[in-house]
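Below: one structure, written as structure tokens.
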Amino acid sequence: APSYPRYTREEVGRHRSPEERVWVTHGTDVFDVTDFVELHPGGPDKILLAAGGALEPFWALYAVHGEPHVLELLQQYKVGELSPDEAPAAPDAQDPFAGDPPRHPGLRVNSQKPFNAEPPAELLAERFLTPNELFFTRNHLPVPAVEPSSYRLRVDGPGGRTLSLSLAELRSRFPKHEVTATLQCAGNRRSEMSRVRPVKGLPWDIGAISTARWGGASLRDVLLHAGFPEELQGGEHVCFEGLDADPGGAPYGASIPYGRALSPAADVLLAYEMNGTELPRDHRFPVRVVVPGVVGARSVKWLRRVAVSPDESPSRWQQNDYKGFSPCVDWDTVDYRTAPAIQELPVQSAVTQPRPGAAVPPGELTVKGYAWSGGGREVVRVDVSLDGGRTWKVARLMGDKAPPGRAWAWALWELTVPVEAGTELEIVCKAVDSSYNVQPDSVAPIWNLRGVLSTAWHR
């Protein structure tokens with residue numbers, strides 16, 4: 001057997017582009033796949049996601065990579081082996097984030113501590129259901145460590161009564177409901193707003209949105225079991241608290257109107273499953289709220305308490321965050337009391353392929369993307385322009401058919417068009433929902449200092 005040189009992971013990580021040679025690892029072997037990049041059946045953009053790192057997390061997304069002939073093909077490109085003394089660094093016991101779970105290396109990280117990341121655009125619209133490991137992650141605080149056997153969900157009932165449920169009781173006492181729903185962060189596409197004027201918040205690209213099949217108990221069933229009535233006459237809210245807390249002990253919290261929480265058509269879940277498996281730690285194991293059609297900030301994670309209040313949640317994330325303002329409001333004049341908390345989100349769409357600046361061969365080009373609207377409103381059309389909005393074509397929509405008012409999941413869309421050599425394309429998309437809401441054509445009129453609700457035509 002030939003003798004191969006040894007490399008550290010740091011050395012492998014320096015090889016991330018064709019100019020520097022594209023290296024990857026599989027097991028303890030190192031491969032130079034530069035000459036295979038353009039031959040990759042999934043396209044060069046997919047294999048380059050693993051450049052400088054391990055293939056396994058990406059191969060796990062597609063079963064074909066487990067075939068023997070794929071491994072045989074890879075062996076042709078072997079150039080070395082990982083140094084045997086390579087080992088992961090020990091966690092820092094003083095770091096409050098030291099107990100956070102491992103993450104998929106393909107995620108585009110916007111903040112390491114707390115961890116906030118989105119899937120690469122190239123993979124975002126590849127599947128209707130987002131793989132758990134690529135689902136966008138929005139954490140405000142360290143990920144709590146929860147022992148399933150000791151977990152209790154507290155529901156503060158009427159008259160001072162309290163319902164305490166273990167994970168097993170939540171599973172056994174209430175029928176399991178399943179809902180396919182898209183969750184989107186209020187700051188999705190914030191980076192586009194920051195190009196107009198600076199904003200405060202994480203620089204999300206188009207990936208702070210993902211879709212999963214959620215399973216769990218109906219919030220309505222649990223609240224009725226706790227003794228609450230079907231309707232209340234005031235402006236009550238159902239408030240949620242998570243197990244994630246700041247250094248002062250204040251938990252993440254949010255709330256939704258009582259009518260939505262109790263509506264059988266709103267499909268609000270206390271979810272314990274995600275795409276057929278238990279919730280991953282980053283996605284709120286063991287229980288999270290899923291509020292379909294509503295901004296992701298209200299789908300509280302690592303749920304510990306549910307209560308009914310005459311007012312909205314007092315949490316700062318409900319009162320002093322996730323609100324939209326006029327472009328004329330700045331940090332000297334902003335008053336969070338004057339704006340309602342975001343609940344249902346406006347219609348949204350984005351192009352996921354091709355990526356900006358990509359060179360495409362002449363012939364046929366398939367443009368892909370996603371579209372979604374809040375409040376259960378179905379996306380009825382996506383218009384795509386190749387010339388900056390001067391002329392338009394209608395894309396083909398793909399997705400699940402849902403009852404009126406309960407279109408909780410996104411639509412994926414694509415459009416195949418002829419492209420001549422030497423043509424420069426300015427691809428634009430805009431979506432229309434069942435209420436004929438349509439995206440605004442530019443960012444400037446909807447700019448706001450927090451960079452939320454960024455829904456202009458995607459260019």
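Just so you know, glycine gets a Cβ as well, placed from its N, Cα and C.
These come from Swiss-Prot:
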{"type": "DOMAIN", "residues": "4-83", "note": "domain 'Cytochrome b5 heme-binding'"}
{"type": "BINDING", "residues": "His40, His65, His69", "note": "heme b binding site"}
{"type": "REGION", "residues": "83-115", "note": "region 'Disordered'"}
{"type": "COMPBIAS", "residues": "85-100", "note": "compositional bias 'Low complexity'"}
{"type": "BINDING", "residues": "Phe136, Thr137, Arg138, Asn139, His140, Cys185, Asp244, His283, Arg288, Ser299, Val300, Lys301", "note": "Mo-molybdopterin binding site"}
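Shown on the structure are the features that Swiss-Prot records.
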{"residue": "His40", "record": "heme b binding site", "contacts (Cβ under 8 Å, 6+ apart)": "Lys46, Ile47"}
{"residue": "His65", "record": "heme b binding site", "contacts (Cβ under 8 Å, 6+ apart)": "Leu55, Trp59"}
{"residue": "His69", "record": "heme b binding site", "contacts (Cβ under 8 Å, 6+ apart)": "none"}
{"residue": "Phe136", "record": "Mo-molybdopterin binding site", "contacts (Cβ under 8 Å, 6+ apart)": "Ala117, Glu118, Pro119, Thr130, Leu183, Cys185, Gly207, Ala208, Ile209, Ser210"}
{"residue": "Arg138", "record": "Mo-molybdopterin binding site", "contacts (Cβ under 8 Å, 6+ apart)": "Asn116, Cys185, Ala208, Gly296, Ala297"}
{"residue": "His140", "record": "Mo-molybdopterin binding site", "contacts (Cβ under 8 Å, 6+ apart)": "Pro114, Asp244, Tyr252, Trp317"}
{"residue": "Arg288", "record": "Mo-molybdopterin binding site", "contacts (Cβ under 8 Å, 6+ apart)": "Leu270, Ala271, Leu279, Ser299, Val300, Lys301, Trp302, Leu303"}
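Using a 10 Å Cβ-Cβ cutoff, Val300 (Mo-molybdopterin binding site) registers 31 neighbours. According to its DSSP assignment, His65 (heme b binding site) is helical. Secondary structure of the domain 'Cytochrome b5 heme-binding' (4-83) per DSSP (helix as H, G, I; strand as E, B; remaining residues coil): 33 helix, 20 strand, 27 coil.
Confidence in the domain 'Cytochrome b5 heme-binding' (4-83), given as mean pLDDT, stands at 88. Pairwise Cα distances among His40, His65, His69, which the record gives as the binders of heme b, peak at 14 Å.
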